[in-house]
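**Q** To start, I am sharing the structure in question, which I have written as C-alpha cells.
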C-alpha cells in the first residue's frame, strides 16, 4: 500500500509516491527509452572524456580544474534522474519510496546549487585571467581553487538539507501521484495537506540565493570582462579572448535560462508539461551538451581527443 493509517484517526500518510513521468503517450515508450538511454550514454561518455583529457599535464590550470568538477557534477546529476526514469518506462511499477524520493530531492538540490556557484567560480577565474593577467597565478593558486570548489559543495549541501528536511517534515496525506518525472519541490508541495504559504516564501528566498545571486555575480564579472576586451587594441586579441569565455557563457545561458523559468516564476504560471520540458533541459540535456560545447570551442581539448582516438584506433 502507498498509504498507511496514523494512530487511531482516519488520517493516512503517504509511504510511496507514483511518478507519472515525462510523457503522457504510452505509444512513444519504446522510442523514449532509446532516446533517453542515448542521451544518458552520451552524457556519461562525454563528461568522462572531459575529465580524462583534462588530467593531461598541459591542462593543469584553474579553468580546466573547474571544468573537471563541472563534468563530475553533470555525471552525478543525470545519474540521479535518468536510470530511475528508464526503469519507470520499462516497468509497470512507477512508484518511488518515501525515502527514495527524499534522497533524490536532496541530491538534485545539492548538485544544482553546487553547479550554480561553480559557474560563478568559473566566471571569476575568467575575470582574473583577463582583467588581472599578471596576478592570475597568485590569485588563482591551487589552494584558492580547492577552497572555491569546497565552498560550492558546502553551500549546495546546506541549501539541500534545509529544503529537503523542510518538505519531508510536512505531512503528505494523499494523493501520492507526482505529475513529474522526478521528485522536485514544486510538484511535491502540491501534495502537502497543510498550509504551504510560509514554505513557499522560504523557497522563493532560497531560489533567489541559489539562482539570482550567482547569476548576478556572473553578469557583473562579464561586464568587467567585456569592458576589458573592448579596450584591447588588437582585433585578433579581442576575438581570442572572447572565445575563451564563449563556452562558459553558453553553458550559463542554458543552465540558468531553463532553471530560472521553473523556480523564479509562480507555481501555476504555465502548464505542468512546459515545466517538465524545462526541467528535462537543465537536468538532462544541459549535462549532455556541456562537454560538447567545451570540446568544440577548445583547440587544446580537440587535439588531445584526437590523440586519444588515434591510440584507441591503433589498439583495436
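Yeah, the Cβs are placed from backbone N, Cα and C, and that goes for glycine too.
Keep in mind it's a predicted model, so treat the numbers as computed, not measured.
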**Q** From the ranges 65-86, 175-196, grab the one TrEMBL calls transmembrane segment.
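**A** Checking TrEMBL against the ranges 65-86, 175-196, the transmembrane segment one is 65-86.
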**Q** Quick one: do the transmembrane segment (205-227) and the transmembrane segment (98-124) reach 3+ CB pairs under 8 Å, ignoring pairs fewer than 6 apart in sequence?
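**A** The answer is yes, given that the two segments have at least 3 Cβ pairs within the 8 Å cut-off.
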**Q** Of the listed stretches (31-53, 98-124, 277-296), which one yields the highest count of Cβ-Cβ distances below 8 Å with the transmembrane segment (144-168)?
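**A** The stretch I would name here is 98-124.
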